[in-house]
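Take a look at the structure set out below.
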């Protein structure tokens, strides 16, 4: 059997308490029983060691100093002739707390190697054989519970010293605070302060993304192609999915509100409240059109409860009482391609002098700059890497609509002064509107130019906008000469000639007017008018379909008001017999059908078909079975329609006002306030 190099018993004895070589040294060596137990029971039985603790141990001579004594010099390994391996130690080990031994000097358990960190000299460390009462407890210099930064330092300390696993007071400061529970607290004053934890960080312009509760259908799956011409699917009874999503998203945008501290910081401006920031860019200082830092908000009017768009000009000071006179002229203009101005006023709600303009609000509207040049304002946008280049058909549509807006503006003796890609919004499919009209008239009221000159500037800005869209070049980097040459190669000569007419100054013999412009593009005006008519026909057809759905809804409300009238249980004239009993069974026939296995049948086609036949009153007979399956009725839809009209007529008479007023007292139902809209 192989033997080890060192005897384990001798090595353990050397580490614990080295035995003196001679009896001459025992009188100065303190007995270990005194250190461990406080007394030695062999003191009077021949123990050769010293038992007097007050007697200090003399400083050992250099010749008798032990190799592994705590007072020995720090071990420094000799330099090897061979290159040593590079050691890797944590950078945080240098800042570790100095270890002070508790009772005895910490002696190494083996021979140190070249890879170990040098032990600092223990010059001020108390001797291992000094008084126990004078020994200092281990106290770390700094408590750091970050495992990522203090892992190396913590590894050099003895974790078993003064550790109580059931005491958490030392780490209480590092533990997270208890989460606020709004349901367990009776005091709800802290609900607002703790409510921000349930939402993302409230930044400027942040809007809540929690959708409202839309109780709308969500069709799943494609259309069936194996239907016969006389067959219909569920989709045929409702509006198209894309139109429904568009309307639903606009409703969602209209109902969005700000949350957290951002909502509390929004003031009430005049008669407008619940302000929501609509700006999509944080670069406010680049507003070169107005010359002021502008902000756009969505707000609710306190007078009409309608939504409006507010544009704020920060730091504008009104120096003339007549500066708001142009607003009256702009409020008279009504055009399908102009965002109508509602009001203008000054406010100090933000602590400065700001000028506010109120316009009509169109949810999910985006500017031409955002739609066609998304990368110009978003350097790291998640949208498409290429701009949305407008085709020539779309360009002619824009030209016709802007011409329509200019015709309405110029005919009233005004100038648009806002034909810019950042001030023209898209509110529908290729439907654009001029926004911010009239703001420059208020700002430059004291520096007004002749109206003919301002209208001429409208034509020039109009031409530059079309060139920018045709060449897919942002307005800031547009080289007009090269852009027109490029447009001539990619587009028709008619479009190029129209743009040159807009950019060139008028001839000496005449003046440029919108009528002259419309006369030159009359062919494209007819094309745009035809597209508008077809769009109107499509919307009307969808409206007709929803009217049919409204008829079904009114019939359902009548059936719901007739069935299960508990307040008339004791009324002999309103007992569930005869016609009313058949209506109750008809409800089960339409909505409570089951299959052969007793599972509910959910067939929208069956429900709509039965309700439509009931609304018309056909002669078709159906069999109504009682719930106990003992009685059957053969009735026609015409008879059921008469029963509905008769029973509902009695309810109208009993209401007292013919419009669904309060029911019999003591029923427990809420009192309904009639209005002119309560018509069936």
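Every residue, even glycine, has its Cβ placed from backbone N, Cα and C.
According to Swiss-Prot, the ATP binding site annotation covers 311, 360, 361, 362, 363, 364, 365, 366, 367, 422, 423. Proximity of residue 367 (ATP binding site) to non-local residues of its own chain (separation of 6 or more, Cβ distance below 8 Å) is seen for 421, 422, 423, 424, 425, 426, given in sequence order.
As annotated by Swiss-Prot, coiled coil applies to 523-561. Taken as a whole, the coiled coil (523-561) shows an average pLDDT of 87 in this prediction.
Positions annotated as compositional bias 'Basic and acidic residues' by Swiss-Prot: 52-64.
If you look up Swiss-Prot, you'll see 99-117 marked as compositional bias 'Low complexity'.
According to Swiss-Prot, the feature compositional bias 'Gly residues' maps to 655-669.
Swiss-Prot lists 670-680 with the feature compositional bias 'Basic residues'.
The annotation region 'Disordered' is assigned in Swiss-Prot to 1-26 (among others).
Here Swiss-Prot flags 51-87 (among others) as region 'Disordered'.
The region 'Disordered' feature in Swiss-Prot is assigned to 99-120 (among others).
Among the features that Swiss-Prot reports, region 'Pseudokinase domain' is placed at 256-522.
Under the heading region 'Knob domain', Swiss-Prot lists 562-680, citing sequence analysis as support.
What Swiss-Prot lists as region 'Disordered' is 655-680 (among others).
Annotated motif 'PABPC-interacting motif-2 (PAM-2)' per Swiss-Prot: 62-82, in sequence order, evidence recorded as a curator's inference.
The zinc finger annotation in Swiss-Prot covers 25-54 and is backed by sequence analysis.
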Three-state composition of the zinc finger (25-54), taking helix and strand from DSSP: 12 helix, 2 strand, 16 coil
Pairwise Cα distance maximum in Å, ATP-binding residues per record: 311, 360, 361, 362, 363, 364, 365, 366, 367, 422, 423: 17
Secondary structure at residue 311 (ATP binding site), reduced by DSSP to three states: strand
Sequence-distant neighbours of residue 363 (ATP binding site) in its chain (C-beta under 8 A, six or more apart): 250, 251, 253, 254, 307
